[in-house]
Ligand SMILES: Cc1cc2nc3c(=O)[nH]c(=O)nc-3n(C[C@H](O)[C@H](O)[C@H](O)COP(=O)(O)OP(=O)(O)OC[C@H]3O[C@@H](n4cnc5c(N)ncnc54)[C@H](O)[C@@H]3O)c2cc1C
């Protein structure tokens, strides 16, 4: 095995189906988990190793949205992990969800990140929808027969999401939507769009949440964006031109949309941080394997104390990051008063630290790390965007400090 890793043949090995599963016990992070959690963690690691890791380079290169693989993941219960069982969900906790997304991301960050957005949308419909809406949408989303997208960002409103301009005018028993959304993950290839739009005056209180189905007349999509990473999922603008959506597709009451969007994102931020954990987890392993076999100055790089210390720091930051994510997940599950801050802290700290870990792992690979034959560069490219979306890390700082400064 070491011989293989020392030369170009590492190419095959870097994407070998089992390379990411054979992990150090310190890194697998099963400690502190219940037997049941260890069980589905193993299922997720196996799925990542067998169904995702062998294809992640091809999905990236050819920009393939792996629908059938995601449907297989849904058969394991990963299409509606924290959706209630009566509508097809797995009914698991936020912590369980984090454990699953971390494990899946070792096989493909981009695909797992999309699955996490899909889960967030399914949870929003499950939680804020009425019985008819839950029964209409959730079963097909949980089985991933249908796919969902989350539509908040607009060309003119990103960080300042509450300034969104897409309008929904009530006409009889329909809302007429006009406007456009930018950067929508899955956009154009998905079936169900959870759209934040303006039904009232300025600011967050004028925003409502509508579920828009793909075949609705007046709904169209922009070109597929060319991206640095996250290439196994399409990103497009979503455009509404006199798009008539039944009032029965509104989640919650008029004016509650922004709150619904933010509640979805609290969980989304833990999920995205968990995807970063999976990438860092895989990259520490890849760096370790490389140091053990790559020889320079007559000995393996693993004998170099500078690199040993770097590896130790990477592993330490990974474990610290995981602890924060799991604390935030538990706080959200228990609806604790510090949950929103902790979710933001987890997103800020973990997506920054895990990007640095992956980038350091790439550095340890030297020139090979910059070649697309090696998995490490894809992890770096795929998780860079986690510092930007679901609220930028600057916005996370705003939320954390605002909560600190206004707490009585
Ligand atoms: C690949 C990809 C997928 C995405 N998927 C989705 C999706 O599915 N659904 C969706 O709704 N959105 C999605 N987004 C959009 C994403 O959430 C936004 O890009 C993000 O919220 C930032 O908005 P912006 O790009 O308009 O940046 P801007 O808001 O213009 O910010 C630019 C920079 O200025 C900083 N900044 C802004 N205001 C302040 C301030 N007051 N203080 C300090 N710094 C500030 C920001 O942090 C950022 O660094 C996606 C984006 C990408 C790249």
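Counting starts with 1 at the first residue shown.
Cβ atoms here come from the backbone N, Cα and C positions, even for glycine.
Please treat TrEMBL annotations as automatic predictions, because they have not gone through curation.
Record features (TrEMBL):
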SIGNAL    1-32  signal peptide
DOMAIN    34-145  domain 'Acyl-CoA dehydrogenase/oxidase N-terminal'
DOMAIN    150-243  domain 'Acyl-CoA oxidase/dehydrogenase middle'
DOMAIN    255-405  domain 'Acyl-CoA dehydrogenase/oxidase C-terminal'
ACT_SITE  390  active site, proton acceptor
Q) What are the DSSP helix/strand/coil residue counts across the domain 'Acyl-CoA dehydrogenase/oxidase N-terminal' (34-145)? A) 84 helix, 0 strand, 28 coil
Q | Averaged pLDDT, computed only over the residues in the domain 'Acyl-CoA oxidase/dehydrogenase middle' (150-243) | A | 98
(Q) Just to be sure I understand, if DSSP states are collapsed into helix, strand and coil, how many residues of the domain 'Acyl-CoA oxidase/dehydrogenase middle' (150-243) fall in each? (A) 6 helix, 47 strand, 41 coil
Q: According to DSSP, folded down to helix, strand and coil, what is residue 390 (active site, proton acceptor)?
A: coil
Q | Under 8 Å by Cβ from residue 390 (active site, proton acceptor), counting only residues of that chain that are 6 or more apart | A | 265, 268, 269, 272, 347
